[in-house]
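Annotated features, as they stand in TrEMBL:
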type	residues	note
DOMAIN	2-358	domain 'RecF/RecN/SMC N-terminal'
BINDING	GLY30, LYS31, ASN32, ALA33, GLN34, GLY35, LYS36, THR37	ATP binding site
Amino acid sequence: MYLEDLTLKDFRNFDRVKVNFDSHINIFIGKNAQGKTNLLEAIYFLALTKSHRTSIDKELIKFNMKIAGIHGTLCKRNIRFDLKLLISNKGKKAWINRLEQKKLSNYLGTMNAILFSPEDLSLVKGSPAFRRRFMDLEFGQINGEYLYFLTRYRQVLQQRNTYLKQISSKKASDPIFLNVLTDQLAGLAAEVVHKRVLYLDLLKENAKKAYAFISDQKEILDIEYKASFPEFDEKDSVEKIYKKILLSFEHVKVNEMRLGTTLVGPHRDDLQVFINKKSAQEYASQGQQRSIVLSIKLAEIDLMHQILNEYPILLLDDVMSELDNIRQKNLLNYINGKTQTFITTTDINSISQEMIKIPRIFRIVSGTVSEEK
């Protein structure tokens with residue numbers, strides 16, 4: 001798949017701009033705070049209906065404006081899709097081929113994108129919340145069921161936490177209602193965990209191959225799912241996971257009612273990364289961290305192709321300066337001809353000359369876009 005064009009209206013620092021893209025490599029060049037990353041963010045938002053930089057959608061609307069618009073033409077399996085998103089203080093609306101989608105979940109999955117930014121280095125040594133967000137964003141793109149169970153899980157989790165807070169402050173005390181919420185949450189949690197492990201297994205195999213390629217077979221990468229409940233086995237069925245989570249809820253019940261929050265479940269799970277069986281979180285060098293993240297991103301591309309039979313769009317946000325020439329070359333060799341790629345940079349010289357032989361280059365200055373010939 002590839003994005004043919006993008007039109008923005010009152011998005012971030014852009015008034016109105018339309019850009020036509022190359023189906024292979026596009027480079028956005030310019031000084032900081034001119035709008036390069038905003039342009040990349042708009043493409044990401046068009047795919048996932050959320051930003052990689054903020055969870056508050058109204059921050060995307062240009063100052064003093066009420067609505068921001070993103071409009072693009074996607075080519076997928078030789079079929080064109082007219083995609084449109086409007087963002088306002090009331091929320092966001094989505095259209096596919098001029099038909100408004102009643103639910104955003106109906107829109108998601110039409111366009112797929114993988115983002116690699118400097119913040120992604122937190123995948124190794126950052127917080128568990130960052131790694132959970134990574135799983136939810138990437139696995140949600142390739143499986144509608146995962147997205148459904150995750151959304152339902154979050155809804156019931158919020159209900160249960162609200163009720164636990166009421167119990168904690170002595171405003172409620174109905175054990176039957178708490179048991180109903182607990183049982184519902186355990187069932188949804190089991191589905192989320194099982195699907196995470198399923199897709200992590202596939203991602204892990206691709207990441208291992210990519211890492212071996214990058215490290216010239218000298219090191220072995222491994223990734224494990226770290227559950228927040230005891231005796232978890234990655235081979236467990238949904239039913240087994242459900243029973244183990246339910247048992248864990250029983251063990252932490254008193255603490256949950258005292259603290260007013262849910263202590264067990266996928267919202268507290270994590271990923272563990274290993275290099276040659278040693279914890280990457282503890283021992284990985286800066287270079288190894290970059291190689292791990294690069295391997296995972298390349299694995300995501302292949303996983304999407306495996307499942308969807310379509311390569312996603314690749315967004316590289318100011319990461320070329322983070323990669324040395326060897327890693328840039330490995331990245332280029334891996335994606336060559338597979339994906340439409342968008343790259344932001346302040347310095348064209350930070351990008352390997354091999355990578356910029358036939359790109360389309362755009363200069364961004366104060367929210368304006370001009371193509372360089």
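Here the Cβ of each residue, glycine as well, is placed from N, Cα and C on the backbone.
No curator has checked TrEMBL annotations; they are predicted automatically.
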- Message: Looking only at the domain 'RecF/RecN/SMC N-terminal' (2-358), what is the model's average confidence as pLDDT?
- Response: 91
- Message: I'd like to know which of the binding-site residues LYS31, ASN32, LYS36, THR37 has the most other Cβ atoms within 10 Å of its Cβ.
- Response: LYS36
- Show which residues of the chain containing GLY30 (ATP binding site), separated from it by at least 6 in sequence, have their CB under 8 Å from its CB. LYS36, THR346, ARG363, ILE364, VAL365
- Within 10 A of the CB of GLN34 (ATP binding site), the number of other CB atoms across every chain shown is 20
- Let me know the DSSP-derived helix, strand or coil state of THR37 (ATP binding site), please. helix
- Task: May I have the list of same-chain residues other than GLY30, LYS31, ASN32, ALA33, GLN34, GLY35, LYS36, THR37 whose Cβ is within 8 Å of the Cβ centroid of the recorded ATP site, in sequence order?
- Result: ASN38, THR344, THR346, ILE364
- Message: According to DSSP, does GLY30 (ATP binding site) sit in a helix, a strand, or coil?
- Response: coil
